[in-house]
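If you check Swiss-Prot, you get these features:
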type    : residues            : note
BINDING : G67, G68, R89, N194 : substrate binding site
SITE    : K32                 : site 'Transition state stabilizer'
SITE    : K254                : site 'Transition state stabilizer'
Amino acid sequence: MLDRDNALQVAAVLSKALPYIQRFAGKTIVIKYGGNAMTDEELKNSFARDVVMMKLVGINPIVVHGGGPQIGDLLQRLNIKSSFINGLRVTDSETMDVVEMVLGGSVNKDIVALINRNGGKAIGLTGKDANFITARKLEVTRATPDMQKPEIIDIGHVGEVTGVRKDIITMLTDSDCIPVIAPIGVGQDGASYNINADLVAGKVAEVLQAEKLMLLTNIAGLMNKEGKVLTGLSTKQVDELIADGTIHGGMLPKIECALSAVKNGVHSAHIIDGRVPHATLLEIFTDEGVGTLITRKGCDDA
């Protein structure tokens, strides 16, 4: 039970959150769920409560999850060798079966169950359900020694999104459900494709013209060359940071995904620290936030 001082603190926090609740009621927020937030028990529970809270105050949260470490664990237990090219898991037919078992099965249903235990009404699905996410094989190339025509590398069932059925998501959100999406797409021939979860989240946000795209990470946010978190950026500033090499390496694909979403109609993208309990609520309902905000400033003038 709260004492009087703590009760006053809670009341003050709720009062400060009210303008944000009013502003975002009825809006759609797409959250890419991954990193430590998916493995730490306290963070898993705080994330589930955050998502339920959003729904209760009138926001439409949509969760897209990863599961790379869980896939790696099962492949190891099954003695299936796994390799990566350009950061992408080479996914032959045997590996794809494991990817579907992990992403569409255990990981997806664990998230659904956790949200439901906290009072939500979550429904899990993959892109194969009702052909919800269509995909094609991702073409990966690398330079050849003579620097002529690049070599095409076959990395198996790794795909890129070609389409997202908006009607499937709106059917669920209109029924007060919380969609929980595993990043598996289906090709024209019915083949399954393993797709990067950041890319799926970005495309879903674009199709829905979402208010926000939130990418949970294991870092404090996008940092400058001095290691300081950059809290607010325009798309033009992000382009400049990519050009001068400030954004590089493993963070580059994530930032490019967020940048593309904002340039294609999403109101804002957020790179947030998923290691912080209730990170999503802090980012939405407080002035301070817990990461980097990328806004559409300048997009509409281009």
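Heads up, the Cβ atoms here are built off N, Cα and C, so glycines get one too.
When the Cα positions of G67, G68, R89, N194 are compared pair by pair, the longest gap among these substrate-binding residues is 12 Å. For K32 (site 'Transition state stabilizer'), other Cβ atoms within 10 Å of its Cβ number 32.
If you count neighbouring Cβ atoms within 10 Å for each of the binding-site residues G67, G68, the highest count belongs to G67.
The two recorded residues K254 (site 'Transition state stabilizer') and G68 (substrate binding site) have their Cα atoms spaced 15 Å from each other. Taking the Cβ of K254 (site 'Transition state stabilizer') as centre and 10 Å as the limit, one finds 21 other Cβ atoms among all the protein chains shown. Residue environment of N194 (substrate binding site) contains 27 other Cβ atoms, counted within 10 Å of its Cβ in all protein chains. Look at G67 (substrate binding site): DSSP puts it in coil. Highlighted in sequence order, G66, I71, G72, T91, V99, V102, L103 have their Cβ within 8 Å of the centre of the Cβ atoms of G67, G68, R89, N194, the residues recorded for substrate, and are not part of that set.
Across the fold, the C-alpha of R89 (substrate binding site) and the C-alpha of K32 (site 'Transition state stabilizer') stand 19 Å from each other.
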